[in-house]
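What TrEMBL says about this one:
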type: BINDING; residues: ASP38, GLU225; note: Mg(2+) binding site
type: ACT_SITE; residues: ASP38; note: active site
type: BINDING; residues: 39-43, ARG51, HIS55, 83-85, TRP87, ARG89, ARG206, 212-214; note: substrate binding site
type: ACT_SITE; residues: ASN86; note: active site, proton acceptor
Amino acid sequence: MLNKMNPWKKDQNPSSFRDRVLQIKNHEVPSYVAIIMDGNGRWAKKRALPRVAGHHEGMKVVRKITKLANELGVKTLTVYAFSTENWKRPKMEVDFLMKLPEEFLGTFLPELIEENVRVEMIGYMDKLPEHTKRAVGKAMEDTKNNTGLVLNFALNYGSRAEIIDGVKRVMDDVKNGIITENELNEEVFSSYLMTKDLNDPDLLIRTSGEIRLSNFMLWQLAYTEFWFTDVLWPDFDEEHFVEAIEAFQGRQRRFGGV
Ligand code: V07
């Protein structure tokens, strides 16, 4: 326990973390990891700081984990940054959150480009403030030819709304003779979702001790391995991520078979 609180731990004992990274790379690395980054407000409250201080700290963790995921050979990382329900929060908090994409990209986009990361997003982009759309749109444009990790931000995303919109578009296409009812199957329906260009996540991580999905990728997570931790997102570090991947590698996936 004492060790966990010692910020010099990694430098005193550089081999153990690096060894675990090498071990991981010798086994099957989840190609797609999704994260529900919860606990930012609680992290701030514990320190008598405003909630937004937790969000800001959490933003830096996204950068840190992206770098490690890319290094481990993860191909896609989706992070739940803002849900369709989050608009109910106080206006000042929402305004702050909507500036985080710009701050994140203003600070980290050059490094992401350097690391060959491609920035993508899922969610209802049209409802975002103009300044947020501009920043995210530019990052997507600037990284569209990158071939490394896909860093996918779920921003103003909600899974039930996504599914209903998908159903409506299927009905439209049936009405217009583009597909027939018999042609609709799971694979075809997946192509009507915002995640049509992505596979399904292999591993879902949720921080801060809440054991629920909160309207995140309900369809896509059908066969995903779940890993929950009590660690608050701003405290989540490289060792926690390695721990989650190690847990994944210790599991036997069956996809409903035997
Ligand atoms: C947000 C920080 C992480 C913890 C969870 C909530 C707060 C990064 C972004 C972001 C989004 C799009 C993009 C680049 C960066 C972000 C929001 C909140 C709304 F293209 N972190 N982060 N967006 N938090």
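Indices start at 1 and increase along the chain as displayed.
Just so it is clear, glycine is given a Cβ too, placed from its N, Cα and C backbone atoms.
Just so you know, TrEMBL annotations never went through curation; they're auto-generated.
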Assigned element (helix, strand, coil) containing ARG206 (substrate binding site), judged by DSSP: strand
Integer Å distance between the CA atoms belonging to ASP38 (Mg(2+) binding site) and TRP87 (substrate binding site): 16
Distance-selected recorded positions near ligand 1 (C-beta under 6 Å), from HIS55, THR84, ASN86, ARG206, LEU213: HIS55
Same chain, 6+ residues apart, C-beta under 8 Å of the C-beta of ASP38 (Mg(2+) binding site), given in sequence order: ARG206, THR207, SER208, GLU210, LEU232, TRP233
Neighbour count (Cβ, 10 Å) for GLU225 (Mg(2+) binding site): 19
Among TRP43, TRP87, the most crowded of the binding-site residues [Cβ within 10 Å]: TRP43
